[in-house]
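Here the structure is laid out as structure tokens; the discussion comes afterwards.
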Amino acid sequence: SPDCSFTCHYRCRALVRLDCSGPLGAGNEDDDTEQALEKDTNVDEPSEWEKAELDQAQVEQRIKEYNSQINSNLFMSLNKDGSYTGFIKVQLKLVRPVSVPATKRVPSLQAGRSGPRTQGVKRRTSFYLPKGTVKHLHVLSHTRASEVIDALLRKFTVVDNPRKFALFERSEKDEQVYLRKLADEEQPLRLRLLAGPSEKVLSFVLKENETGEVNWDAFTLPELHNFLRILQREEEEHVRQLRHRYARCRQKMQEAL
């Protein structure tokens with residue numbers, strides 16, 4: 001594509017579904033503003049209120065307060081075993097395309113035999129999730145962040161490895177936006193109850209899992225083989241340029257002699 005410079009195999013071109021309308025770099029002004037606000041505001045540790053431990057009576061009181069403050073029917077409910085259920089809203093802000101299964105019907109090689117004349121071939125197709133995609137999930141108090149990621153991927157039939165994604169909590173304070181990546185074992189509904197219904201105090205965002213180091217275990221074998229081919233081509237190109245530069249220098253020296 002001339003707009004986003006996306007590159008793929010010739011045979012895969014028909015399977016790729018990307019929204020490349022508009023020039024590179026064009027985007028929502030709100031996204032640009034938020035990126036500016038989020039600069040250097042990532043935090044690693046939960047705040048003090050997030051570390052608070054609530055007993056049964058406090059949980060029941062918090063649920064009553066929460067339900068009295070919301071403007072919808074997405075209430076929290078206390079269960080007999082002491083756990084509670086409720087809804088969390090997650091905004092999907094993915095920069096890269098996601099993969100979903102695509103089944104293409106092809107003629108059977110054994111068409112002369114009895115039985116179905118076609119068979120399904122598993123394929124993948126990729127596309128960008130629309131900006132501002134939001135999903136409500138009904139979860140338990142003990143539902144972990146990793147389980148929320150799995151549920152979101154199932155909702156959108158995304159077949160990418162869940163370890164490629166991370167759930168973040170987002171909060172606004174003093175005209176700054178703070179993001180913190182949730183650990184796998186953290187419980188989003190508990191955080192929602194502690195924070196209350198305000199989206200400015202706390203909201204959840206699904207983003208790519210940027211760890212600073214590439215987690216190669218999260219990729220499939222075909223993807224790893226493709227990376228190796230790309231590295232080999234890049235290495236060959238660097239070697240070619242280096243040899244060309246030295247050959248030109250040698251030629252200039254010989255001309256001077």
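Positions of Cβ are set from backbone N, Cα and C atoms, glycine also.
For 26-49, the entry in TrEMBL reads region 'Disordered'.
The annotation compositional bias 'Basic and acidic residues' is assigned in TrEMBL to 36-49.
Taking the domain 'Ras-associating' (121-211) as a whole, pLDDT averages 90 in the prediction. For 121-211, the entry in TrEMBL reads domain 'Ras-associating'.
Using DSSP to sort the residues of the domain 'SARAH' (213-257) gives these counts of helix, strand and coil: 39 helix, 0 strand, 6 coil. Per TrEMBL, domain 'SARAH' is recorded for 213-257.
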